[in-house]
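Novice: Sharing a structure here in structure tokens format.
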Ligand code: PBG
């Protein structure tokens, strides 16, 4: 082993496999594909309307007609699934979120329309009360507390009404105890055996949700969500939540947010054989967009690096507002 450096006697040289682009492609371990992407979308009442969310540049709330175009676009780019979130007008909100299971509601209409117009796309619906709640909380409020068991009853009705409208997968994001099992039982009793459950299992009380709450006008009107969402300091507890959701019948589990929780994604991936989803949330999106707009980072490269890191950590699926942009880049 002769080296120009008399202090080195190298037998192993990892750089050999990084020397050329083709070698680097050959030893690449993680490949992000369009099949990994789920596109979260926002729907609102009205016709021919779209509103950009100020804290989420290039992401819009759409009236149903324009949303259908947006989803058709996504489908044409090869995206398999959308996660649907509604902006509910204030006068339809109440403490018990009753609008959430209105068979004539915005979500139910939207599901039916998507199924009719773009049947190939998988529809994932959000099960939680916050968009429908006067208080912006994920459950029924009494004396400043969030009621668990009473809320779960409403969530079951909400999930069944979404299934009835044609949802493929319901995704409880509320973090009430026992809701996955109750929803599974409710769906089965109503004959919706084939509707799956994507459980937001390890959902943290995160400051990264701010822009999303702007989009849905759903910020909590008092307090915060720490009595139901998890403490960002905890990791063991994520396994406890995942174990319960699996026992209760979840088909897939989720970690949310994603970027600050890559260690949790990895632990859960090692714990379960179920598909693991990660939610690249609104605040993560906003940070990248903000820095890119200042010219401080290379947006495309940062986006690909970030999503690839989530996949490397163990995510099988990634919910991301970058879905269309990434689908285009991956072409
Ligand atoms: C609420 C819900 C939230 C998000 C998805 N579902 C916000 C919250 O828990 O307050 C956040 C998604 C994002 O930030 O992109 N059930």
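Using the three backbone atoms N, Cα and C, a Cβ is placed for every residue, glycine included.
Taken from TrEMBL, the feature active site, schiff-base intermediate with substrate covers 203, 256. The Mg(2+) binding site annotation in TrEMBL covers 241.
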Novice: Among the active-site residues 203, 256, whose Cβ has the fewest other Cβ atoms within 10 Å?
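Specialist: Lowest Cβ count within 10 Å among the active-site residues (203, 256) is 256.
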Novice: Taking the Cβ of residue 241 (Mg(2+) binding site) as centre, how many other Cβ atoms lie within 10 Å?
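Specialist: There are 22 of them.
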Novice: Round to a whole number and give the Cα-to-Cα distance in Å for the pair the residue listed as 'Mg(2+) binding site' and residue 203 (active site, schiff-base intermediate with substrate).
Specialist: 9
Novice: Measuring Cα to Cα, how many Å separate residue 203 (active site, schiff-base intermediate with substrate) from residue 256 (active site, schiff-base intermediate with substrate)?
Specialist: 5
